[in-house]
Amino acid sequence: MNKQELENRQKKIRNFSIIAHIDHGKSTLADRILEKTGALTAREMKEQTLDAMDLERERGITIKLNAVKLNYTAKDGEEYILHLIDTPGHVDFTYEVSRSLAACEGAILVVDAAQGIEAQTLANVYLALDNDLEIIPVINKIDLPSADVERVRQEIEDVIGLDASDAVPTSAKAGIGIEEILEQIVELVPPPTGDPSEPLQALIFDSYYDAYRGVVASIRIVNGSVKVGDKVQMMATGKTFEVTDLGVSTPKPISVKELNVGDVGTLSASIKTVGDVRVGDTITLAKNPATSQLPGYRKMNPMVYCGLYPIDAAKYNDLREALEKLQLSDAALEFEPETSQALGFGFRCGFLGMLHMEIIQERIEREFNIDLITTAPSVIYHVTTTSGEVIHVDNPSKMPEQQKVDSIEEPYVKAAVMTPNDYVGAIMELCQKKRGTFIDMQYIDTTRVKITYEIPLSEIVYDFFDQLKSSTKGYASLDYELIGYRQSRLVKMDILLNNEVVDALSFIVHRDFAYERGKVIVEKLKALIPRMQFEVPVQAAVGTKIVARSTIKALRKNVLAKCYGGDISRKRKLLEKQKEGKKRMKMVGSVEVPQEAFMSVLSMDEE
């Protein structure tokens, strides 16, 4: 194409993404847009076309971002190229959202006409504003009997401060208002700014592993252009590759010869190792490289750590491969090998949050067929020792001994909960129970409140979200962000079975709750660990002090069965002999800990 054609084509490109809270109808709206632009025939349409993973369809949530190229003929008779980048809405996947937004110029903000603005909506809007995107508000689900479009309009104006007077009322399910949205995209979203004659700069916003083509990168061209056969260079790692294939998704993948400014597509260059393609890196040409990198994404730091161990020890290498492949498309997953006396060899993995952790586990079990044992999730603590050294502890078993610890700091988050005002009491009680500090409370309208607390992250990671949902009948929504580390009175609690510490059951707890937690866990383990031929003491200890104990009674054979009414000394002889045997057994016996026991350490708050 000559320069003029390229410039005209560039003016016709619109890159946008859809942002919304979970369940506000983002994926359904994406389906309707695909249908309206004729990307898919009615026969090929299925619910949530862009959610390709089985897990996404089952849970009805979007996990991975997706990019699609659509052709749309607008009312002015011109044909436009729209790139729709679908994003997840759940708090754990904010980094997926921030990656999508970096590749766009506009965003459609979907708000549920019945529920109004939720915590996640706000968080995503702020992300979009940080990226200077044009935001188009859309009020979805107007066909619901409880929909109140005017109230939601007012809310968008009051809470976010966007002008919502021309927000499009739509129903993605019934297909109402889709055309107006497309017209608004063409009108309001600016075309990509970029210079086709400059050296190539392309932003990698996602990558995945394909068994045949190696690593495939999803890219957005910012300046210049790239053709099949070009030698390209990754700017972060400095490695060079030859482009073997370029493609666009219309949801069906189609190969193209070149990608130009503003295009969103995929690039494969027979890249074999996962580490060579970093999400957020810039691709440029090896011959005439760009001078600077594009402002990429910030590196996402894991918030939650837990150990993953294969139940079958022989599958250790398979687990490593599985994690490497998942890490490809999931920039936020981190892992390193670790060993545990109780569980053998495995990995310490870092995740963004509990949903992220659950999904990775489920994907490993499904896609790679590996059965896992998981240990209790923990966060990173900063421990200052008496000698003045600061250690970062992501695993309770790495905690130094009590007498060597001077102080421990734990991460705190600022949690914003949006809720109907009937549940304010229940939420405040829950946050107080989780060691939260009350910061602020705002009424959004007459029925809804935003409550802000500062809470230790370790209290949120396990079941805070579930408890929040159950204490508000599912109406509350949560968003949280890290605010830094603070000193806390924390201790490490060890669990001893048969007087030996089981490293995988250790956890870190606030000193005030140590006694209660110890008691609950000891009772739980007593119920879960199968009885042995000898009695097993179960103890919870803080340092050298035992704070709770329970005993799993021994199974015993009835040795007196064949003594009919016999002599007491005969019975005593048999019982003494049995007692001797049990004593010997206890010295050499080892205790098997079932998987449920590890999980029970997690779910102790439910009692």
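Just so it is clear, glycine is given a Cβ too, placed from its N, Cα and C backbone atoms.
The domain 'tr-type G' annotation in Swiss-Prot covers 11-193.
As annotated by Swiss-Prot, GTP binding site applies to D23, H24, G25, K26, S27, T28, N140, K141, I142, D143, with the evidence given as sequence analysis.
Shown are the binding-site residues D23, S27, N140, I142; of these, the residue with the fewest other Cβ atoms within 10 Å is D23. Taking the Cβ of G25 (GTP binding site) as centre and 10 Å as the limit, one finds 23 other Cβ atoms among all the protein chains shown. With D23, H24, G25, K26, S27, T28, N140, K141, I142, D143 listed as the residues that bind GTP, the site has a largest C-alpha separation of 17 Å. DSSP assigns N140 (GTP binding site) to a strand segment in the three-state reduction.
For the domain 'tr-type G' (11-193), the model's average pLDDT works out to 74.
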